[in-house]
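> Feature list, courtesy of TrEMBL:
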REGION    B:1-20  region 'Disordered'
TRANSMEM  B:27-48  transmembrane segment
TRANSMEM  B:60-86  transmembrane segment
TRANSMEM  B:106-127  transmembrane segment
TRANSMEM  B:134-152  transmembrane segment
TRANSMEM  B:184-204  transmembrane segment
TRANSMEM  B:235-252  transmembrane segment
TRANSMEM  B:272-297  transmembrane segment
TRANSMEM  B:309-333  transmembrane segment
Amino acid sequence: MTASPLRTATAGGACALGVRDLSVNFGGLQAVAGVGFDAAAGRITSVIGPNGAGKSTLFNLISGAIRPTGGRVTLDGADVTGRSPDRLLAAGLARSFQITNLFFELPVLENLRIAAQVLERPWHALRPVGHSRRALAKADALLERFGLSAKARELAGNLSHGEQRRLEIAVALAAEPRVLLLDEPTQGMSHGDTADTGALIRSLAGDLTVLLIEHDIGLVMSLSDHVVVMAQGRKIAEGPPAVVRADPAVQAAYFGHR
Amino acid sequence: MPEATLRTVSDPGRAGPASRSSRLAPVHWLALIFLAAALGFAAVAWATGNGFYLRLATEALIFAGLAMSVDLLLGYTGLLSLGQALYFGLGAYVSALVLRDVAPSFWLAMAAALLAGGVAGLIGGVIANRVKGVYFALITFGLAQVAAKTVYNTRALGASDGLIGIPQIQVGFGPFSLDTADPLSFFLLVLGLTVVAYAGLSYLMDAPFGRTLAAIRANEKRVPFLGFNAWRYKLAVYVLAACVAALAGALYPMLRGFVSPELMFFETSGNAVITVIVGGVGTLVGPVVGSLLLTALRSVVGSWTEHHLIVVGVIFMLSVIFLRKGLVGALLARLSRRGEQGRATP
């Protein structure tokens, strides 16, 4: 817990992930329109907003899944706008998915080993798997940390929903990214699992810059150093949790649409 | 125990990534048993002086090489190629031309076929990998049709007659040499090459390279977010498969003394896919078993009736319905289920 509540994101650490005036059109529909914010290094920045606000599209733009029609994304100051996901991962940006996106027909350990393989030199791809020691050690460490050791040989498709959600985060962490995008990590989780996942995300920050989409407002307010509020593709507010919660525009957009 | 069944069926043969023991995987045991049977067959055929069956078995192994190349794409990467005969036929024609017009050298013919297969695979792969799924299958089909029709209409390549009069050659290994005209020698050579191909490709498919292909087959969309360029991997395996098919094709004129445009036709590509599915996808030994089975069947049934394709078609359908993982897949699933029961009841 390196982030103190007094040193908020914009006031504190350097900008790890910069988003400037980011926009995309889907056939005339402005899904994301001129959104900009800074995610401070080692902090948790959350993006909230009602359904259809463009949060997931924003993630897709930042992570290279969709090419923006305007604006810029910077990683530690370097322009990475429009880079493919694999090149972004090499630059230190990883993401998880709202809808669990694993290799369901492969074992749990293999899901993690594949995700950690980028830690190895390229020629290890042609050597026996046992030579990829770093990747295997990383996979083992993540199994341990996410309480999946007993399920290592199980197919990912045979895990429970909660376990799959945990594996989803673990897979995103395997490449040792510097910036981690988590798209609704607690989606469909029980209350107990949600609290555990919150604690886990909290423990990730510090080493890691976290950008989080989350529907559980209680969790967002307790976890985040900085909150960005979106509605209808635009940013309508940002700031520390307490400030954002008190913002009348946020209350109107967020609760008015319910 | 539906979960246990699912697990054994999904990846029966490959050593699990968690099992870092050096124990031989069941699929490799099957391959060894198969090799022993092939050597036994060779001994019997040699003792009885039966060259016909040796040459038939050699042909089956050559087409097994083509089927293995289909398995790399279909079984490991999830790419259905309906035009793999393009590279097989290319290897056959290049080999025939080298042997007839350049020099009667086995190694030169193989090297030329490998080079041609690699270059053509790169070009074909760049074109076919622009699209996915059904469209990939259609593009590979189209590429092979274009190549086959081009060869069919090129007089310098013998047009519809193909190339005939390919000389029989001596294959040199340092101080030793063997004659392709001798059925037993050539069978053993092709068997040796099949073993090398099986071992090398199995190794590669179990290395992180091959496992990334399995990840692409399982969920291609996630792969780029883990730092891999899926397009490059798919291109690499496509070129690899083209090289394997071309090398297999290069052996064909050495066996038969001729090549014809039929080698590139859809029937050849389609048969290779059927062979892989009947034998067992994603096992590499399955294509070899399937090729021997179907070749034997064609020969036996073909001696009764010329409509042997009907029989092959029925077997294909039965296999798809009742043996989803093919013969080898079903066998491996059975073995590992028995193994699990054995462990459960000490």
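From the backbone N, Cα and C atoms, a Cβ is placed for every residue, glycine too.
Since the structure is predicted, the reported quantities are computational estimates derived from the model, not experimental observations.
Describe each of these features in terms of where it is and what it packs against.
Residues 83, 86-87, 90-92, 94-95, 98-99, 139-140, 143, 169-172, 180, 234-235, 238-247, 249-250, 254 of the same chain lie 6 or more positions beyond the ends of the transmembrane segment (B:106-127) yet place their CB under 8 Å from a CB of it.
Listed as Cβ neighbours of the transmembrane segment (B:184-204) (distance under 8 Å, sequence separation of 6 or more from its ends, same chain) are residues 27-28, 31, 35, 38-39, 42, 45-46, 51, 54-55, 57-58, 61-62, 64-65, 68, 72, 171, 178, 210, 240, 244, 247, 251, 254-255, 284-285, 288.
With a threshold of 8 Å between CB atoms, the same-chain residues lying at least 6 positions outside the transmembrane segment (B:235-252) that come near it are 62-66, 68-70, 72-73, 76-77, 79, 81, 84-85, 87-95, 109-110, 112-114, 116-118, 120-122, 124-126, 128-129, 190, 193, 197, 201, 204, 209, 213, 259, 263.
If you look at the transmembrane segment (B:272-297), the same-chain residues 6 or more away from its ends with a CB under 8 A from one of its CBs are 13, 27, 30-31, 34, 56-57, 59-61, 63-64, 66-71, 74-76, 80-82, 84-85, 88, 194, 198, 201-202, 205, 308, 311-312, 315-316, 319-320, 323, 325-332.
Sequence-distant contacts of the transmembrane segment (B:309-333) (same chain, six or more residues past either end, CB-CB distance under 8 Å): 5, 8-9, 12-13, 26-27, 30, 274, 276-283, 285-286, 289-290, 293-294, 297-298, 301.
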